[in-house]
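Read the structure below first, then the notes.
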Amino acid sequence: IECVSLSPMMEAVPAPPESERVCVFGTGDMGRSLGLRLLQAGYGVVFGSRRPHSSSSLIPHGAQVLGHAAASQSAHLIFIAVQREHYDFLVPLANQLKGKVLVDLSNNLRKNQYPEANAEYLQSLVPGAEVVKGFNTLSAWSLQNGPSDANRQVYICGESVEAKQAVIAVAIKLGFSALDQGFLSVARELEDFPLQLFPQWRLPLRIAIGLSAAFFFYLLIRDIIYAYVTQSKDISFRIMVSLANKVCPIVSLIMLSLCYLPGVLASFLQLYRGTKYRRFPDWLDRWMLCRKQLGLLALGFAFLHVLYTLIIPIRYYVRFKALVLIINTPLSLSLSQIRENRTTQFDTTTAWRGDSYLSLGILGFGLYVLLGITSLPSVINTLSWREFSFIQSKLGHLTLLLCTAHTYLYGWNRFLSSSTYKWYTPPGYMLCLVLPSVVLLLKLLLITPCVDRTITRIRQGWERGADQRNPKDSQPLIP
């Protein structure tokens with residue numbers, strides 16, 4: 001339980017004299033934050049403590065603190081804000097708690113710490129009470145500062161419908177959205193929920209780490225080890241910046257492609273089946289659910305690529321090469337060019353390629369950032385579904401197109417040179433172009449008028465063969 005201090009201004013919120021009373025067992029951070037929130041919502045709050053006299057200075061102003069036995073007599077709804085190890089004090093109070101609603105807020109330090117859920121154990125200690133599991137997914141900070149978009153939901157479970165309704169009413173009055181998860185047997189799942197560490201990020205992180213490691217060692221062999229073996233040159237210093245600046249854009253482009261590939265596959269699957277009323281395979285479902293995380297990681301790698309690129313001019317290696325080039329330029333060559341009135345020929349094609357390469361990179365990164373901003377919950381809530389879909393789908397594919405074109409211009413005609421294929425292996429940028437090129441080609445097929453018309457009809461409820469089965473349903477169904 002995290003430590004939260006209650007400011008003097010917030011402590012001075014008195015409860016109305018005729019408000020409904022609730023009881024909170026526990027005067028720790030969680031109990032005090034919940035009590036303060038209940039006071040602000042208009043409830044009368046009585047704290048139950050094993051040391052009521054020493055705890056009186058800790059509780060919010062306007063609440064009472066009594067012993068457990070006395071406090072249990074003051075309210076029908078009691079919040080148990082203590083850890084499971086301290087539930088023993090409830091056994092002598094079993095008769096006094098009979099018929100009351102006990103809300104268990106406890107969590108464990110690890111999964112499967114005990115053979116049964118804390119709420120089920122509490123129910124066995126006080127069989128006459130109605131135990132409800134709830135509020136355990138909230139932190140003391142969120143209770144003190146009020147609900148936000150990220151932690152507005154409160155999960156509830158219990159055996160008694162009336163008891164759950166009472167807890168749900170309190171949650172709604174506190175500004176939260178209560179979700180009834182069913183019977184008390186679900187309590188273990190609710191208790192494991194706060195222990196999850198980035199559950200939706202695991203697959204994207206594994207993909208990002210795997211791709212980074214694979215391309216790092218691949219480029220290490222092609223660039224660093226190859227130069228040492230064939231030319232006896234030690235350029236290992238390039239690992240820190242040059243190699244990293246190759247790995248980051250490669251991984252970024254592949255992960256951006258992985259964001260849009262499942263949507264393309266889902267469309268072709270619906271075309272093949274001729275209906276939208278069949279579930280996608282589990283692997284495709286999981287893939288589509290983590291697209292946001294894949295995109296944010298891709299944006300992170302793109303940011304790193306930009307930062308690495310910006311520091312190139314200040315690297316010692318770059319400044320040293322520029323200085324050597326100036327020193328080693330023959331003065332006689334410059335003088336002869338002046339005497340003969342000769343100038344270096346300007347290559348318009350190279351200029352076009354360089355400017356286009358930089359421009360597409362800047363535009364692609366700008367749209368990249370826009371996609372990342374619109375994935376924030378605070379921004380999503382201000383957009384309609386059509387606006388969100390336009391940004392994430394239309395502009396998302398445009399971002400993929402610009403970044404892919406940026407990479408193609410980087411390679412230009414290098415694929416024609418045999419020196420590009422060190423140890424007969426293609427460079428990293430060639431490998432990373434395979435997936436985005438496939439995604440863009442498949443998307444191009446989907447937006448052709450004949451295919452797009454069929455996909456739209458399927459998503460409106462039309463099914464292939466439905467016209468023959470029921471002539472009355474020949475028109476597309478509107479879901």
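If you go along the chain as it appears here, the first residue is 1 and each next one adds 1.
Yeah, the Cβs are placed from backbone N, Cα and C, and that goes for glycine too.
According to TrEMBL, the feature domain 'Pyrroline-5-carboxylate reductase catalytic N-terminal' maps to 21-107.
Here TrEMBL flags 207-229 (among others) as transmembrane segment. Below 8 angstroms of C-beta separation, residues 235-236, 238-239, 242-243, 246-247, 250-251, 254-255, 258, 294, 297, 301, 422-423, 425, 427-428, 431-432 of the same chain, each at least six residues beyond the ends of the transmembrane segment (207-229), sit close to that stretch.
Proximity of distant same-chain residues to the transmembrane segment (249-272), defined by a Cβ-Cβ separation under 8 Å and at least 6 residues beyond the stretch ends, is recorded for 204, 207-208, 211-212, 215, 280, 284, 287-288, 291, 294-295, 297-299, 301-302, 305, 368, 393, 396-397, 399-400, 403-404, 407, 428-429, 431-433, 435-436, 438-439, 442-443, 446, 451, 454-455, 458-459. For 249-272 (among others), the entry in TrEMBL reads transmembrane segment.
If you look up TrEMBL, you'll see 250-402 marked as domain 'Ferric oxidoreductase'.
Per TrEMBL, transmembrane segment is recorded for 293-318 (among others).
Long-range neighbours of the transmembrane segment (357-383) within the same chain, counting only residues 6 or more positions beyond its ends whose Cβ lies under 8 Å from a Cβ of the stretch, are 149-150, 256, 292, 295-296, 298-299, 302, 306, 391-392, 395-396, 398-399, 402-403, 405-406, 409-410. The transmembrane segment annotation in TrEMBL covers 357-383 (among others).
TrEMBL lists 428-451 (among others) with the feature transmembrane segment.
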Report summary line: Secondary structure split (DSSP) over the domain 'Pyrroline-5-carboxylate reductase catalytic N-terminal' (21-107) reads 31 helix, 21 strand, 35 coil
Requested in this report: May I ask for the residues of the chain that lie six or more residues beyond the transmembrane segment (293-318) and have a Cβ under 8 Å from a Cβ within it?
Outcome: 200-201, 203-205, 207-208, 237-238, 241, 244-245, 248-249, 251-253, 255-256, 258-259, 365, 368-369, 371-372, 375, 396
